[in-house]
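Before any comments, here is the structure.
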Amino acid sequence: MTENRSRANIFIEQNRFSYIDILRGIGIFFVVLGHIYYNDVAYRWIYSFHMPLFFFAAGWVYKEKPIRDDIKKRLQTIVRPYFCFGMATILYWQLFEKSFRSADISFIQAIEGLVSGMYEHLSFNVHLWFLPCFFIVTVLFNALVRIGKKYRYDLSFPVVLCMSAIYIFAGLPSLPWGIDKAFGYILFYKIGSFFSLSKADKRLQAHPISYQRVCIVFLLTMSFFFSYCSINQGIMWYVTAMLGIVSAWIFSVLLHKNRILEYLGKISLVILCVHGPVYRILIKVVSILLCWSTDAVRENFILSLLLTVLTLALCGICFQIIKRFFPWSIGRQRKKAVV
């Protein structure tokens, strides 16, 4: 009986995490589309929630660990990929892209930018900014939980609120490893953890599907309205971001199963790291074939959508190659052959 109950609990947890993989899949789709498609309205809406969504999703699956074990794991799964993909794209930049991109940085400057982890110094692959910031958020949050548990007090709640208040009202200069951005994004991590602990998905599923659909439409409408009217500064940044995040989360729970989005969610780290060079090559090829400027290609929604799908497909191929030949670069171990 106990064994059957344990298996049932594992199955339930796997289903709960499938929602989060779908949520990440939705998020990474909008990340790629937002980087390809040139449209001010779409830009403002997508950018209002797409990166906070990943911190929320990570907070959802957070499990407390000893501080040393957590740092060791994060170094392997976040920092190692950051430097591996960073070095790979620096070499690619120096050999190929540097000659036709506006940013002109030397190899040494690129290395310095990679070490600093600062957004403005990562022009060779600016999307990498997320990883050092994510590392800071995850390690800091776990440390707060562990220290708070020692003193029987939820230390994460007041500290995260103070950090968010500093980010909104005082502002911070650009700091190494996205520490300044971590002050803003850690609240989404905390909210994701709270949603998970409160079993919010089970409460949502207790309502009729029609109710869930109405919630999605309402939240999306409010999210679009706030972002379109640029009501997303200061504390409203959190409100607007959460409207988009929660609507995507409800959709992922409602969808329940989708193999494509789940797969994209599982490989979202690799997609984030490699999609930049991939989509730029594709845009250039399409512009040559159609005799259009690259801006004209990116202003066309249908072409941008097709390029997004193709970029994601090619990133999926990149992931399979990396998993097969360079698994250590994404924090995985090579599977030993069974004799």
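Yeah, the Cβs are placed from backbone N, Cα and C, and that goes for glycine too.
No curator has checked TrEMBL annotations; they are predicted automatically.
Keep in mind that what you see is a predicted model, and the values were worked out from it rather than measured.
According to TrEMBL, the domain 'Acyltransferase 3' annotation covers 18-318. In the predicted structure, the domain 'Acyltransferase 3' (18-318) carries a mean pLDDT of 92.
Feature annotation from TrEMBL assigns transmembrane segment to 21-38 (among others).
Sequence annotations record features per position, and here TrEMBL assigns transmembrane segment to 44-62 (among others). Sequence-distant neighbours of the transmembrane segment (44-62) (same chain, 6+ residues past either end, Cβ-Cβ under 8 Å): 17, 20, 23-24, 26-27, 30-31, 33-34, 130, 134, 137-138, 141-142, 185-186, 188-196, 223-224, 226-228, 230, 232, 237, 240-245, 248-249, 268.
Residues annotated as transmembrane segment in TrEMBL: 78-96 (among others).
According to TrEMBL, the feature transmembrane segment maps to 126-145 (among others).
The transmembrane segment feature in TrEMBL is assigned to 157-176 (among others).
Remote same-chain partners of the transmembrane segment (182-198), defined as residues 6 or more beyond its termini with a Cβ less than 8 Å from a stretch Cβ, comprise 16, 51-53, 55-62, 133, 136-138, 140-141, 156-157, 160-161, 163-164, 166-168, 172, 237-238, 241-242, 245, 249. TrEMBL lists 182-198 (among others) with the feature transmembrane segment.
Listed as Cβ neighbours of the transmembrane segment (210-229) (distance under 8 Å, sequence separation of 6 or more from its ends, same chain) are residues 41, 44-45, 47-49, 204, 236, 239-240, 243-244, 246-247, 250-251, 253-254. What TrEMBL lists as transmembrane segment is 210-229 (among others).
TrEMBL lists 235-255 (among others) with the feature transmembrane segment.
According to TrEMBL, the feature transmembrane segment maps to 267-290 (among others).
Under the heading transmembrane segment, TrEMBL lists 302-326 (among others). Long-range Cβ contacts of the transmembrane segment (302-326) within its own chain (Cβ-Cβ under 8 Å, at least 6 residues beyond either end) map to 28-29, 32-33, 36-38, 84, 263-264, 267, 270-271, 274-275, 278-279, 282-283, 286, 332.
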Top Cβ-contact partner of the transmembrane segment (126-145) among 78-96, 157-176, 235-255, 267-290 (pairs under 8 Å): 78-96
Cβ under 8 Å, sequence separation of at least 6 from the ends of the transmembrane segment (157-176): give me the contacting residues as numbers and ranges. 116-120, 132, 141, 144, 182-184, 186-187, 189-190, 234-235, 237-238
What same-chain residues lie close to the transmembrane segment (78-96): Cβ under 8 Å, and 6 or more beyond its ends? 107, 110-111, 114, 117, 122, 124-125, 128, 131-132, 134-135, 138, 269-270, 273-274, 276-277, 326, 328-331
